[in-house]
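Note sheet for the following structure.
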Amino acid sequence: MKTPLIVICGPTASGKSGLAIDLSVRLNSIIISADSRQVYREFDIGTAKPSIDEQKLIPHYLIDICEPTESLTLAQYQEKAQLIIHSFSSVVSPILVGGTGLYLKSVVKGMKIPRVSPQPQLRSQLEALGQSYLYNLLSQVDPIASQKIHPHDQIRTIRALEVFYVTGKPISSQQGENPPDYPIIQIGLDCEVNALEKRIQQRTEQMIESGLVEEVEKLIDKYGENLPLLDTLGYAEMKQYLAGKISLSEAKELTVLHTRQFAKRQRTWFRAYPEIHWFDANAPHLLDQVTQLIRDNCSLIVSH
């Protein structure tokens, strides 16, 4: 029988990575990252990537697998994650941890994802037409997809049209779910709003003390300020500071604010899944509680 996949999810700064490491040590397991920015090399401090020592302690997968100038599609991530899970699931219970909802959903739900690689030339042509025109076009060629995509969401609109023009079939007809053939135990970490905000504040200060500004400066020097990843959370604010547009104090305040907003969106996403077992991130015996849940669920799996 295949061992269960253990999933740890929840809002940013809730302590997911720390719990995953502690649990991996206890279960003698491995960790698979489900973070859309930790896949990129050189983006370390601002993505809260596990330290070198932590990665030596426990094998981590799907970290540092792409150059900052490359892109990783959801389909590519899903394929890599599933390969790792299947290669270990007969020996240990792999731990999938992260806050990127779509990465987790692609694995847990077995999302069917069209295998269409990005088409830069087609995307440029579509972008030039304007979002209003594109959305109306999508409504005609794939009304089902258009109902699921916000009229202002240009990225998803263009992706849907891209799949349609490359395959000749609506993206909605190529989607769906193919649930995995192994059991899954989903664990959610969260805490009271004020407590999470304090965690976010502390982590932001720790990132700056650890050299976040210097990391951003090196990345700008090497790749230029127009690198898309430099417009993401934590990096965009420090880029503004380095450009002299805001003070370091303002950059820190903005990072905290934007991280709080991001955490709120993550909480909304994950709370929609009733199969997730939620735990208080500040619980004094968190590791023991989670371990007991896993043991109880494994007993149920064996009995069935």
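Note that Cβ sites are derived from N, Cα and C of the backbone, with glycine treated the same way.
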In Swiss-Prot, which of 15-18, 35-38, 203-206, 259-262 is labelled region 'Interaction with substrate tRNA'?
35-38
What parts of the chain pack near the region 'Interaction with substrate tRNA' (35-38), using Cβ distances under 8 Å and only residues at least 6 beyond its ends?
46-47, 49, 62-64, 72, 77, 98-100, 102-103, 229, 232
Based on DSSP, tally up the residues of the region 'Interaction with substrate tRNA' (35-38) by helix, strand and coil.
0 helix, 0 strand, 4 coil
Mean of pLDDT values spanning the region 'Interaction with substrate tRNA' (35-38):
97
Which are the residues of the chain, THR12, ALA13, SER14, GLY15, LYS16, SER17 excluded, whose CB is within 8 A of where the CB atoms of the substrate site average out, their centroid?
GLY10, PRO11, GLY18, ALA48, GLY99, LEU189, ARG199, ALA281
Give me the sequence-ordered set of same-chain residues, not including GLY10, PRO11, THR12, ALA13, SER14, GLY15, LYS16, SER17, with a C-beta within 8 angstroms of the centroid of the ATP site's C-beta atoms.
GLY99, LEU189, ARG199, ALA281
By a simple count, how many Cβ atoms lie within 10 Å of the Cβ of THR100 (site 'Interaction with substrate tRNA'), its own Cβ left out?
20
Reported as an integer number of Å, what is the Cα distance between GLY15 (ATP binding site) and THR100 (site 'Interaction with substrate tRNA')?
15
